[in-house]
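Listed in TrEMBL:
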| type | residues | note |
| --- | --- | --- |
| BINDING | ARG53, GLY54, ALA55, ARG90, GLN203, ASN254, LYS255 | substrate binding site |
| SITE | CYS164 | site 'Transition state stabilizer' |
| ACT_SITE | ASP244 | active site, proton donor |
Amino acid sequence: MNIQGRPYRTIWLNQDGRSVDIIDQRWLPHAFRVVTLGSVEDAAVAIRDMWVRGAPLIGVTAAYGVAMAMREDAGDAALDAAWEKLHETRPTAINLRWALDDMRKLLRPLSPAARAAAAYARAAEIADEDVALNRAIGAEGLAIIRRIAAGKKPGERVNILTHCNAGWLATVDWGTATAPIYLAMEEGLPVHVFVDETRPRNQGAHLTAWEMSNHGVPHTLIVDNAGGHMMQHGLVDMVIVGTDRTTARGDVCNKIGTYLKALAARDNGVPFYVALPSPTIDWTVDDGVKEIPIEERGGDEVSFVQGRDADGAIVRVRISPDASPVANPAFDVTPARLVTGLITERGVAEASREGLKALFPERG
Ligand SMILES: CSC[C@@H](O)[C@@H](O)C(=O)COP(=O)(O)O
């Protein structure tokens, strides 16, 4: 997508054919910084410390991490070590394991001499596939927005609420939850997005709002607790969120706070959609609450907030007493019964085992 008119992806291979550049998302929206990852260690740090984040982008970064490892040492032990090192970075997003398994399955039967080239080629393919999947999700979601727009009076906006950042910054391009919104904009539909700030790391305020601004999408930033009120007053036509892992029966794990939005949506008759590419489906688990590991992140993310001071410097400030203990679960699970539909690259599935099986008969 565009940054000041120039098209970018979130990760790209450098001319040296070895290292990758990423947009370092820790500093947005205040500073746009591109950094180079040159080794599997760099890739692991970038994922763990959230220089890159968002389930699909984590997967692609890990794929390039494996490729960089193979350039150093293409033996079996190094392949397994790269898998382990990258896998332990973040536990919840299933795209990470999906990409690592995909890479290892491809590379294992090859001779070590052939592995590095094959790994770079596959990592590039996974990146391109992500772009195509998101574009397809966009077309499916656009059909829903069109239907809502058709029921509106002339000039009325379609109001969409989103949580966290499931935008292009969370993927290679387009985003999942945002792809339908960008396509609706291209088509001239009057969309407006309520952006949840998404404490503790504020991915909504920092990233989604920045994306919307860059693309001229009308939007309003709201605090996380405002969504229910907006819905009660008829100000939200639909919710679209992303997901880090969706189970075989349609339970949706996503950024902490998503569950509360789904409850408020159900209570107010607002459709609650989840946009996801198929690598985000974990066919091996059913009960999301019991079976999905929830990442517990450091307490500093809750006790401090980052922003820009009056002099323009990016600063962190403490907002809670030094002595107060902090808990920081990064994700929650929305049960399938609260989900109106799963917007996938193959169509909109009912959030159920049968619904997913109908679209992905080869997997279910
Ligand atoms: C298309 S991204 C889907 C999810 O990864 C997204 O909604 C999300 O929760 C991101 O969490 P983050 O902790 O910022 O990686």
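Placed from the backbone N, Cα and C atoms, the Cβ positions cover glycine too.
Quick caveat, the model's predicted, so the values are computed rather than measured.
Feature map: TrEMBL annotations on the structure.
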residue	record	DSSP (3 states)
ARG53	substrate binding site	coil
ARG90	substrate binding site	coil
CYS164	site 'Transition state stabilizer'	coil
GLN203	substrate binding site	helix
ASP244	active site, proton donor	coil
ASN254	substrate binding site	strand
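The Cβ centroid of ARG53, GLY54, ALA55, ARG90, GLN203, ASN254, LYS255 marks the substrate site; residues of that chain outside this set whose Cβ lies within 8 Å of it are ILE58, ALA93, CYS164, ASN165, ALA166, ALA170, GLY242, ASP244, ALA330, PHE331, given in sequence order.
Residues ARG53, GLY54, ALA55, ARG90, GLN203, ASN254, LYS255, recorded as contacting substrate, have a largest CA-CA distance of 17 Å. A simple way to gauge crowding: the CB of ASP244 (active site, proton donor) has 32 other CB atoms within 10 angstroms, across all the protein chains here. Annotated pair ARG90 (substrate binding site) and ASP244 (active site, proton donor), C-alpha to C-alpha distance, rounded: 11 Å.
Checking each of the recorded positions (ALA55, CYS164, GLN203) against ASP244 (active site, proton donor), the C-alpha distance stays within 10 Å for ALA55.
Taking the C-alpha positions, the distance from CYS164 (site 'Transition state stabilizer') to GLN203 (substrate binding site) comes to 5 Å. Selection of the recorded positions ARG90, ASP244, LYS255 by a Cβ distance under 6 Å from ligand 1 yields, in sequence order, ASP244, LYS255.
The number of other CB atoms found within 10 A of the CB of ALA55 (substrate binding site), across every protein chain shown, is 27. Sparsest Cβ environment among the binding-site residues ARG53, ARG90, LYS255 (other Cβ atoms counted within 10 Å): ARG90.
Less than 8 angstroms from the CB of GLY54 (substrate binding site) sit ALA93, ASN165, ALA166, LEU169, ALA170, THR171, GLY242, each of them six or more residues away in the same chain.
Note on ASN254 (substrate binding site): other Cβ atoms within 10 Å of its Cβ, all shown chains, come to 29.
The Cβ of GLN203 (substrate binding site) has 27 other Cβ atoms within 10 Å, all protein chains considered. The Cβ of CYS164 (site 'Transition state stabilizer') has 29 neighbouring Cβ atoms from other residues within 10 Å, across all protein chains displayed.
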